[in-house]
Amino acid sequence: MEKLGFHKVSNSPSSPSQPKITHNRPIPHPQSPPLPQRPLSEPLKKQLLVDNSPGNDVVIANCVAVNAQDFQNIPDRAPVILDGVFVYSIAKDDRVRPGTIGLAGNMRTWGKWSLGQPVNVENYNIFHNGQQQQYLGAIDLSIDFRAKARANSNPINHDELVALFLKNYENQILQPTQVIYMEYTGIYFQIRVNNVQIIDVNTKDQLPSFKDSDDINTKGILIKSTDVGFYPYEGSIINLTKPKTLKQRMFGGSTPHRTSRRKQIINPDFKLEDLGIGGLDAEFQDIFRRAFNSRILPPELAEKLDYKHCKGLLLYGPPGTGKTLIARKLSKMLNGKEPKIVNGPEMLSKYVGASEENIRNLFKDAEAEYKLKGEDSDLHVIIFDELDSVFKQRGSGKSDGTGVGDNVVNQLLSKMDGVDQLNNILVIGMTNRLDLIDTALLRPGRFEIQIEISLPDEKGRKDIFLIHTKKLTENGILSSDVNFDELSTLTKNFTGAEIEGLCNSAKSYAISRHTKKGALAQIDPESIAKMKITRDDFLLALNDIRPAFGTDEEDLSQQAQHGIIQFNQTIRNIFEKGQSIIDVVRSSETEHLRSILLYGPPGVGKTSIATTLALNSDFPFIKMLSAETLVGMGELRKIQEIDNVFRDVHKSPLNVLVIDKIENIINYNPIGPRFSNDILQVLMVYLTKKPPKGRRLLIIGTTSQYQVFKHMNLIDSFNDAIAVPPIKHIEEVGKVLDKLGFMNKSEREEILSQLSRYDINIGIKSLIDVLMVSKYSRDTVDEVVNNIVEKMSG
């Protein structure tokens with residue numbers, strides 16, 4: 001048997017990651033434990049030289065060995081304090097030379113003493129000044145094999161360890177960070193005191209209170225009623241059985257609080273502002289409340305609440321909103337195992353069964369630790385990016401026919417919520433398409449928490465600007481004229497990634513101002529030292545970065561190149577009614593979806609009115625769906641594109657969708673007649689589908705086939721149907737000519753005079769087309785009139 005005092009012992013003060021195991025031992029009244037002997041002796045103060053402990057019997061007794069000649073007036077097993085900090089009981093032993101003190105390796109490591117080093121020794125009275133707060137109500141201990149070669153995972157009876165510990169060290173004074181060697185069944189174990197709970201019986205109502213401490217200066221006497229809890233060192237394979245019953249330490253009618261010894265799930269040094277993510281305060285509150293609150297509870301309380309830990313967290317939303325960034329930051333915040341980060345397609349393999357094996361391998365470490373340590377195991381985080389690429393709806397027929405996609409979904413389901421459930425995992429998934437994921441994965445027990453990471457609002461955009469310009473501000477490079485309130489207003493529907501790109505573009509403009517004239521790749525060193533990034537740099541950058549979910553004003557404005565000519569009261573009424581509907585969508589507490597159908601013959605300006613209303617709404621997201629965007633697509637592909645468009649217009653707080661020439665979108669042909677019923681049904685469903693909570697949508701449709709749509713019941717899907725009339729009066733033609741400044745006044749009057757002989761019926765778009773062609777052809781008045789008449793008759 002090795003002699004423990006003669007070997008260097010590595011002190012492992014790292015805190016275990018596992019919760020404590022409490023001992024089921026009743027606690028009597030605090031005044032009942034017997035007091036240890038208080039020897040009445042002369043004050044002792046000696047300086048002795050450190051030597052090895054004389055034998056293992058002294059080591060496992062947790063005593064320091066001294067020669068009787070040096071302690072003639074001090075009884076055996078009396079407590080002494082070394083260097084004013086470390087308290088031990090003495091064991092008089094003739095094997096120790098006078099003037100020396102025998103310290104085992106674990107003692108020398110704890111006190112940082114070397115052999116031959118002098119140490120100050122004084123007798124110690126824990127009850128000085130009449131204090132009665134020196135009994136241990138509870139003690140938490142880490143345990144591991146002393147010799148790694150003897151380590152094994154055979155079950156070790158926890159209750160027997162507790163009984164042996166109390167028998168060996170009763171009435172000894174113990175303190176946090178102390179390391180003790182104890183022998184059990186012929187094997188030596190290393191035990192570390194992590195936390196003690198001191199009983200205070202000096203309260204006014206004579207009921208005890210309990211004070212937890214992990215401070216080395218906190219000392220207490222181990223008594224028979226002390227609650228002893230063992231748990232493994234971090235990384236140890238020791239296998240402790242659980243106590244037969246959980247201890248209900250009732251003391252005077254109250255239950256003392258015991259701090260759980262499980263490693264804190266949240267890194268104690270973490271601060272929320274360290275995440276570096278702006279505009280997601282509400283989302284983070286939801287994540288912490290639903291995913292992590294249960295894991296920071298003491299295990300005993302969680303068991304009483306029968307709280308099931310969250311195993312899956314799904315982040316979904318448009319690209320660039322920070323889903324992947326959030327997952328990375330959360331994994332750094334968590335104080336568990338190193339997270340496993342995988343992309344969905346990486347799980348797939350061309351070999352039979354390999355895809356399913358890849359899924360199993362992700363959970364292998366968590367399974368092994370959970371089998372060994374149960375609820376005491378660390379949290380294992382698995383991060384899936386592009387979840388929709390692998391875990392599609394089963395039976396959808398979108399796989400290669402091998403059924404691999406279905407099997408991968410089944411494998412993930414069994415690992416997250418199967419027969420052998422794991423309680424030490426958290427799977428974080430990310431996707432742009434929540435609708436593609438198998439619905440079984442979204443039920444409780446799987447990805448039960450689904451957080452939408454949407455486009456940031458104005459406050460969120462300002463936060464993101466502040467994050468990406470923090471170093472510029474700290475280093476004095478950001479000009480004082482930069483107004484983030486202004487920039488956050490100008491960047492409607494920008495994602496976090498797009499705002500970052502905007503900041504980088506502004507920096508590039510600032511750098512370009514400090515390049516040498518005539519040289520693109522040479523920096524002026526004198527000028528660059530004074531560089532400032534100004535407001536103008538950000539405004540220029542706005543021309544470079546366009547939001548994916550923004551308004552394409554150039555394309556929309558081209559639909560009304562000559563502006564809107566309100567040639568009669570009906571047109572003015574259309575704009576007034578349209579504006580009132582816009583105000584309803586913007587401000588109403590109940591009407592979050594409104595739809596308008598503008599109908600009339602071809603060429604009356606329906607598209608121009610629709611796009612102008614959309615642009616005048618000043619909504620942050622305006623989208624146009626027309627037959628032009630669907631050219632070359634088959635019917636199924638068109639349906640998918642329409643589905644994508646409607647999903648996009650649900651992502652911003654305020655949205656406008658212009659559906660132009662609906663008859664062309666549904667492939668309507670009057671010969672037959674023919675149309676796509678599938679596309680029609682999709683449109684009818686989406687026209688009445690309410691947007692998600694917190695989102696508002698205005699739909700403006702146009703058609704030249706009102707009667708046809710009435711028979712198809714499509715008109716009923718719109719809230720309002722507004723007729724757009726053609727020009728029918730000669731005065732209206734005159735207003736158009738005047739607005740366009742066509743020819744001179746006398747020529748305009750001549751045109752009107754000649755047209756007065758005809759019945760006027762022409763769309764304003766058709767009229768403007770004729771006038772523009774005539775203008776650049778330098779037609780005469782008679783030719784202009786003939787062109788207009790031909791257009792009306794054609």
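One-based numbering along the chain as shown.
Heads up, the Cβ atoms here are built off N, Cα and C, so glycines get one too.
Taken straight from Swiss-Prot:
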- 1-40: region 'Disordered' (REGION)
- 9-21: compositional bias 'Polar residues' (COMPBIAS)
- 27-37: compositional bias 'Pro residues' (COMPBIAS)
- 317-324, 600-607: ATP binding site (BINDING)
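Taking Cβ-Cβ distances under 8 Å and a sequence gap of 6 or more within the same chain, the neighbours of Gly600 (ATP binding site) are Lys606, Ser704, Tyr706, Ala723, Val724, Pro725, Pro726, Gly763. Of the listed binding-site residues Pro319, Lys323, Lys606, the Cβ environment within 10 Å is emptiest of other Cβ atoms at Pro319. Around the Cβ of Thr321 (ATP binding site), 26 further Cβ atoms fall within 10 Å across all displayed protein chains. Under the DSSP three-state reduction, Pro602 (ATP binding site) is assigned to coil, being neither helix nor strand. Using a 10 Å radius centred on the Cβ of Gly317 (ATP binding site) and all shown protein chains, the other Cβ atoms total 20. Highest Cβ count within 10 Å among the binding-site residues Pro602, Val604: Val604. DSSP gives Thr321 (ATP binding site) a coil state; it is part of no helix or strand.
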